[in-house]
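Asker: According to TrEMBL, the record shows the following:
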- 28-47: transmembrane segment (TRANSMEM)
- 83-103: transmembrane segment (TRANSMEM)
- 109-127: transmembrane segment (TRANSMEM)
- 139-158: transmembrane segment (TRANSMEM)
- 170-187: transmembrane segment (TRANSMEM)
Amino acid sequence: MSQPNIGTDIVAPPAGISSGRGFTLFKGLVYTLLVINAGLLYAMASWREVTEQTGWLMILAAFEWNSRGLGHRSDGRRHHVPVTLELVGYALALFCWGAYAMAGEWQDLANATLWLLIAAALAYDLHVPGRYGSWAWRLRNATKAGLYLGVAGIALGWGLDGEWLELWDAMLWLVCFFVIELKIFDFENGLRLKTRR
């Protein structure tokens, strides 16, 4: 049986892990911790870190918005807000990426580069969900796993250097992106189950 046409067919919301009450509570807790973390960062960090954090909050909000609409028909109007958020978020993140390069802050530059690549891959997954289990799906997920491991390695480096707020911030962002990844996984797995019927 063929895969449903994403965007024109209405696909039932996934009945996976990301649709349960426990996941909703976990997601709420993680996002609350992220807001508290952002408040702490805004009070203590450099202007670059504040600007970058603002950009990434906008990108995450757009990802959350788009992940809620996976598989639902849309006339395109509901995408104006997240696209604007995402584009402004990327502009801020790229501005900081350039500032890190000019200042020679190589660890921050490497971290920002990995996150930008992760965001590009995740945006692709949100807008062009793959066929679960296909070679392209496996390649995309293996690439993202490598990028996430790179971010975790940089975070551990911050921890070893005694930069605990940087470590906490990176780990919290990894969990936030895991929330979005799980929603995409459930959606793609739901398509696989639907096409097998």
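Each residue's number is its place along the chain shown, starting with 1.
Cβ atoms here come from the backbone N, Cα and C positions, even for glycine.
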Asker: Near the transmembrane segment (28-47), which residues from the same chain, at least 6 beyond its ends, have a CB less than 8 A from one of its CBs?
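Answerer: Residues 53, 57, 60, 165, 168-169, 172-173, 175-176, 179 contact the transmembrane segment (28-47) from elsewhere in the chain.
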Asker: Considering only Cβ pairs within less than 8 angstroms, which of the stretches 83-103, 139-158, 170-187 has the most against the transmembrane segment (109-127)?
Answerer: 139-158
Asker: Which sequence-distant residues neighbour the transmembrane segment (83-103)? Criterion: at least 6 residues beyond either end, Cβ under 8 Å.
Answerer: 48-49, 51-52, 54-59, 61-63, 65, 109, 112-113, 115-116, 119, 123
